[in-house]
Amino acid sequence: MNYKLFSPYTIKDVTLKNRIVMSPMCMYSSENGDGQVTNFHLIHYGTRAAGQVGLVMIEATAVLPEGRISNKDLGIWDDSLIEGLHKTTTFIHDNGAKAAIQLAHAGRKAELETDALAPSAIPFNETMKMPIEMSKHQIKDTVLAFQQAAVRSKQAGFDVIEIHGAHGYLINEFLSPLTNKRTDEYGGSPENRYRFLREIIDSINEVWNGPLFVRISANDYHPDGLTVQDYVQYTKWMKEQGVDLIDCSSGAVVPARIDVYPGYQVQYAKHIKEHANIATGAVGLITTGAQAEQILNNNEADLIFIGRELLRNPYFPRIAANELGFELEEPYQYERAPGKISTNK
């Protein structure tokens with residue numbers, strides 16, 4: 001029997017062998033504070049590739065040193081960082097998967113000794129530092145940093161780029177009226193609040209012609225914040241600019257209580273897919289092969305992003321295949337251990 005979860009998916013000239021994506025998750029393991037890849041990253045991402053993930057997306061990688069969440073984040077702000085990232089893509093490719101990178105700037109959530117930057121001088125909460133409102137010059141410099149990061153991503157061998165526009169980081173801060181109180185062309189109307197992301201996408205398109213994803217927080221979980229319906233217009237604009245897929249997460253732009261349950265964010269992937277007519281990825285408490293297969297069969301999303309479940313078990317695709325009764329092609333090195341893998345957690 002054929003299963004959609006294990007069917008190929010082609011975006012532009014990149015074909016994924018299945019619909020399983022390793023969701024980007026910060027590892028805080030660049031131990032020297034220099035943004036460099038370490039042996040941990042090679043093992044961490046290479047193992048998921050060997051585990052038969054279709055697309056391995058590495059963690060939020062800072063386009064500027066001041067755009068890190070912590071000083072242990074990976075970086076792509078300098079050419080000296082390309083070599084380590086290229087080793088990572090080589091590990092991933094050699095083990096049968098495609099490689100993606102998430103380009104990010106932490107904005108007001110940067111927990112560094114340097115000043116945090118944001119569209120407006122509003123802290124995330126009472127315990128975090130007051131950010132500095134970005135000047136137009138700083139905005140232009142950041143747009144350029146995303147473009148340069150895209151150039152380096154190509155040099156490092158990545159197949160896919162994702163722009164991190166979610167979880168209360170810099171781009172999300174510009175998009176949301178809760179965090180963007182600017183009175184210039186970067187604030188006010190939805191069109192103005194989208195301008196920063198528009199300029200980033202345009203700048204990346206000048207140097208990158210591969211698949212381009214954007215991760216969004218499709219719900220601010222606040223009465224005065226953005227909802228998934230607001231993101232329909234945003235994602236229509238993204239599609240017009242050539243974005244290929246929307247990775248649909250939610251929350252974290254402001255402190256909020258979120259009702260979390262299995263597949264709680266799938267509704268956002270479905271809504272964006274239906275109303276913006278663009279491919280989507282579903283993410284959030286997707287933990288079984290049957291659940292993932294159902295999402296795809298219901299046409300609620302095109303790709304399945306797996307996060308914590310891949311931390312618990314790097315071989316999740318094999319477990320999902322066993323669960324569904326699908327015979328997954330094994331790496332030849334593991335052919336002496338056919339059959340079921342324990343699903344005990």
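Any Cβ shown, glycine's included, is placed from N, Cα and C.
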Which of ALA60, ALA62, ALA276 belongs with SER23, PRO24, MET25, CYS26, GLN102, ARG215, GLY307, ARG308 in the FMN site listed by Swiss-Prot:
ALA60
Mind computing the max CA-CA distance among TYR28, HIS164, GLY165, ALA166, HIS167, which the record assigns to substrate binding, rounded to whole Å?
20
Cα within 10 Å of HIS164 (substrate binding site) - qualifying binding-site residues among SER23, MET25, ARG308:
none
Whole-number Å only: compute the distance from the Cα of MET25 (FMN binding site) to the Cα of GLY165 (substrate binding site).
14
Tell me, in order along the sequence, which binding-site residues from ALA60, ARG215, ARG308 have their CA within 10 Å of HIS167 (substrate binding site).
ARG215
Can you tell me the CA-to-CA distance separating SER23 (FMN binding site) and ALA166 (substrate binding site), as a whole number of Å?
13
Minimum Cβ neighbour count within 10 Å among the binding-site residues MET25, ALA60, ALA166: which residue?
MET25
